[in-house]
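Sequence annotations record features per position, and here Swiss-Prot assigns Mg(2+) binding site to Asp521, Asp527 based on sequence analysis. The feature domain 'KH' is assigned by Swiss-Prot to 587-646. Per Swiss-Prot, the feature domain 'S1 motif' maps to 658-730; the stated evidence is sequence analysis. Residues annotated as region 'Disordered' in Swiss-Prot: 727-873. Marked as compositional bias 'Basic and acidic residues' by Swiss-Prot: 742-857.
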Amino acid sequence: MEGPEIKAVEAVIDNGSFGRRTVRFETGRLARQADGAVAAYLDDDSMVLSTTTAGSSPKENYDFFPLTVDVEEKMYAAGKIPGSFFRREGRPSSEAILACRIIDRPLRPLFPHTLRNEVQVVETVLAVNPEDSYDVLALNAASASTLISGLPFTGPVGGVRLALIDGQWVAFPRWSERERAVFEIVVAGRVVESGDVAIAMIEAGAGKNAWNLIYDEGQQKPDEEVVAGGLEAAKPFIKVLCDAQNELKRLAAKETREFTLFPEYTDDLYNRIDEIAHADLDEALSIAEKLPRQERIAEIKQRVKDTLSVEFTDMDEMEKDKEIGNAFKELQRQIVRRRILTQDYRIDGRGLRDIRTLSAEIDVVPRVHGSALFQRGETQILGITTLNMLKMEQQIDALSGPTTKRYMHNYEMPPYSTGETGRVGSPKRREIGHGALAEKAIVPVLPSREEFPYAIRQVSEAIGSNGSTSMGSVCASTLSLLAAGVPLKAPVAGIAMGLVSGDVDGQHIYKTLTDILGAEDAFGDMDFKVAGTADFITALQLDTKLDGIPADVLAGALKQAHEARKTILEVINECIDGPAEMSPFAPRIITTTVPVDKIGEVIGPKGKMINQIQEDTGAEIAIEDDGTVYISSEGGEAAEKAKQIIDEIANPHVPQAGETYKGTVVKTTSFGAFVNLTPGIDGLLHISQIRNLADGQRIDAVEDVLKEGDSVEVVVQGVDDRGKISLAIPGFENQENNAGGRRSDDRPRRDDRRHSDDRRRDDRPRRRSDDRDRDYDDRPRRRRDYDDDRDYDDRPRRRSHRDYDDDRDYDDRPRRSDRRRDYDDDRPRRRRNDDRNPRYVADENYDEYREGREVRHERPRRRVRRDFDPFDD
């Protein structure tokens, strides 16, 4: 489909030796009724459709901007059918929710915060290359569709993912390239009037193989300086993407519509509240503890409402209450920010770089595999670790990327953590995002599957919240994992950094805060979370309320966060300086390897062998395709026993004559019992030997003495050339195994019976026809005598028993339907066999039939000669 209404632009991303990537924006073809619709392509191989639509009227009683971002993952985009019961897409995956968050965070600050019309951005993933991620492409598509929609949006926003591979920052890296990435960073920003790029969002983390790449291959560590360099490296790519979107706006943008904006309060109301409450609020905002401070602020707010109830009588009461609340909150914000900018004074009296009181404790919950409590000020995080077999790792039905996850981090924040009530249940987007960030911080220091073959689930319970629960989760997870015996390569700690900016004496300044409170997060301009070891950064996240933040300000915040991180790591090391002994309630997992060609023997037909081992030992067994075997049990003894059995199967010991075994009867027959000696090796205990268990008495059946599952002590009597094992009861090794007095191994073979010993089986006379002198193939054919000179194929064909004229074609014989008698229409039809079988006679004629005819089953049955030979001449 082509036409003048279709507009398209391209942005070329040059990665040097890693090649080029092309991002193309197209509008006018799809979703024409949406306010803005853009299809974004990455190398014409991945495709995301972005639509932006605004409600026609403002939402009533909303005191915030109602922006929603949804990502629709279509499994057909990857050539898959959904694995759910209904075989269709359902609730969004965690990957889709995380993509929603990285789109929402840079877009929201670029709308007027007083807009009350609902705005919805929908990203539909239509096609995706398995080597690419769609999230950053969707971010650029969302910015483009919003830019041309006619909404009051001060974009565009450009987004790029960079990976540090072999010392080079690569944009839009493929999954195969990301395997060698030391660090990955997603940066979104906008181009300001000066031409520089202001950063609006960061989502970053060290690669899963970063530790090995750094310490084994000598790759560059992603410390504060390197990460700051990554922010600078992202700017040219962001500028190229923003330029392409601006060109699309020039070609296809709608005119900006007029929307009603709803000021949160009037200036007169704000000034009056400032007169009444400024001094009291200034004092209340110096109370260090959260709950007493909130109680005091609530008292002041109520006094303000009482004072203003007789004033501003021309306002609606509901509107007046809303505006008083908004103006009162803005006054608090201005007081807190002004003190920080002019006095370096924070709410709880700390300096800009000070950290709240820290405490750490392990083993706080009984019976769990690992637990810890980390506290920073009034923020409390309870970390719980659970270990299990690798088969319990999470299976991910994703469009691209990894399909399994060995380390699963879940973050939960119940409403009581802030002293409130609310819904408890399935996780919200914020909880999923915080869990993913904490998971990203821990993954680079986890031991490998070979070093620690466990699936690990980490749960962070935010039981008390007053700022930075996500970074508190990182600290609690480190403590809990070490307490569970997980050999982390290094401890990890996290800290949340804040920012306050403003004009002081005609100069715009930035103040960076270490370890922000919840109120400082709400009243500040930035929430900058940084996690890492003592040597490098493992995770990073930036949210901001500003249009963008200069990169040098963020670089300074990274260095300030490093100082705080080292302080927290000292507290962690004082609590636990290495992995503890594993809990007695945790499963013990050991590994062994078997040759690939022996995997089938270990598993057995339909899993019989492996199930039997698990049943006998109580251990759980998982086998990888490469022959690695993971064995788990609550106690180490069961796992060791299962390992011994598996090793015997993989490297079997062939029983030798004279060896004694304690075996198990696995099968009984009329001539004896098969006894399992070692896994996969059975021997035959002859019935003549089984009599010895019955004091030599004759037995009618083997089952009278031995049954399947019985244990019996046996000795190997002999092993023949075919590997068949003969068994005996200890003390009766020399007893013959048959009634004829000969040893079973000495009995003649079937081939040798009734023939002289020097004659081979193949030398015995063949069964021939009566004519011994005639060649075998010249024997007369069965049933018919043919002339010897007549070809076999000339014999008469088998015909019907009817006689046909020779000159009549065979197919001209009368059909069965033609041989039927012609009946008058009034004549009743004969039922099948009605003259012999009364079951087919109509009910009304049945009595008459019984009187006049003989019932079939009363007749004598016809006898058949059993000695009749149809071929006997």
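Here, residue 1 is simply the first one shown, and the rest follow in order.
From the backbone N, Cα and C atoms, a Cβ is placed for every residue, glycine too.
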Out of Asp521, Asp527, which of the binding-site residues is least crowded by other Cβ atoms within 10 Å?
Asp521
Once the DSSP letters are reduced so that anything not helix or strand counts as coil, what is Asp527 (Mg(2+) binding site)?
strand
Give me the DSSP three-state residue breakdown of the domain 'KH' (587-646), ordered helix, strand, coil.
32 helix, 16 strand, 12 coil
Tally the residues of the domain 'S1 motif' (658-730) by DSSP class, grouping H, G and I as helix, E and B as strand, and everything else as coil.
11 helix, 36 strand, 26 coil
